[in-house]
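First the structure, in the form of structure tokens, and then the observations on it.
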């Protein structure tokens, strides 16, 4: 009798175990399907800036939107080209060995081409891509170490090659021409940095890591020197907050990156999360973190936006097309914010010389 009861008990345990296993497998399949249909972009942690993989299907090959340049042959890029020469921006992109094919190569094929200099920073060197090996481990807890070492590397090797130094993730899309306009009003010898300004924990605020941030040459000097003199230390693994605290200690100003109408230019999410009302629930951390009152809907974003975050490989090319190729026929651009007088004067002088050449019949 006892052996029969024991056998029944074992049968029950085995059945329960098998049932639990099958249920867990089914649940995993359902959750994976849900992730593929609606990727999890709403991170509950405001400092979860850099993810290795969001579950998306990544494009395998690069795309070249400049292959057919015939439609752009009459395009006047004088102002952008002048700013390219006058406001030199070095971009360094935080990536990892496993993200080179998934993400970094699409950054390389799109917006990174407009940097005056671009570097891809990883834990390991890759001479083919290429990447700079920072000799760190991978993982979220290493982000600030990678940031410190990346800025130190840039300072030691490229300080005189640029005026401004931008950090971006490999899932950030940056419109460099708009960034140069923003920076053109400032002196790179001024200790200042720009990005999407958040307010908690730092009196002057700090810049969102995911939306990217840009340091002036003097800010970079002070940041690197602060670790040599131990004014700043690796106080936290939370990259953007720790960097913001250091900037306040070394008296680097947290600049206002809004446009003349008060709209934000750096964005910590993809466009639809800012543009569509109700996409971000009011209980979401984002609403309490902004230094300036956030706007939901069409008023959220400047016409001269600088960056968006959590951009997958497909969206990277969509933004490239929408920003640099799509135009409504018959319209002159409606919003052209003013340039600094010195740059505007130089552009006008160049245009006068070109007009003179044309009148004289010179090529």
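Here the Cβ of each residue, glycine as well, is placed from N, Cα and C on the backbone.
Keep in mind it's a predicted model, so treat the numbers as computed, not measured.
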- So Swiss-Prot lists 169, 171 for Mn(2+); which of 309, 325 goes with them? 309
- Given that Swiss-Prot annotates 138, 139, 140, 146, 169, 309, 310 as binding UDP, state which candidate in 94, 247 belongs to that site as well. 94
- Task: Check each of the ranges 7-29, 30-52 against Swiss-Prot and return the one annotated as transmembrane segment.
- Result: 7-29
- recorded positions 91, 115, 171, 246, 300 vs residue 235 (phosphoserine), shortest C-alpha separation belongs to 246
- Item | Separation of alpha carbons, residue 169 (Mn(2+) binding site) and residue 246 (disulfide bond) (Å) | 20
- If you draw a 10 Å sphere around the Cβ of residue 285 (glycoprotein binding site), how many other Cβ atoms fall inside it, taking every protein chain shown into account? 15
- Note on the structure: Of the recorded positions 91, 115, 285, 300, 301, the one whose Cα sits nearest to the Cα of residue 169 (Mn(2+) binding site) is 91
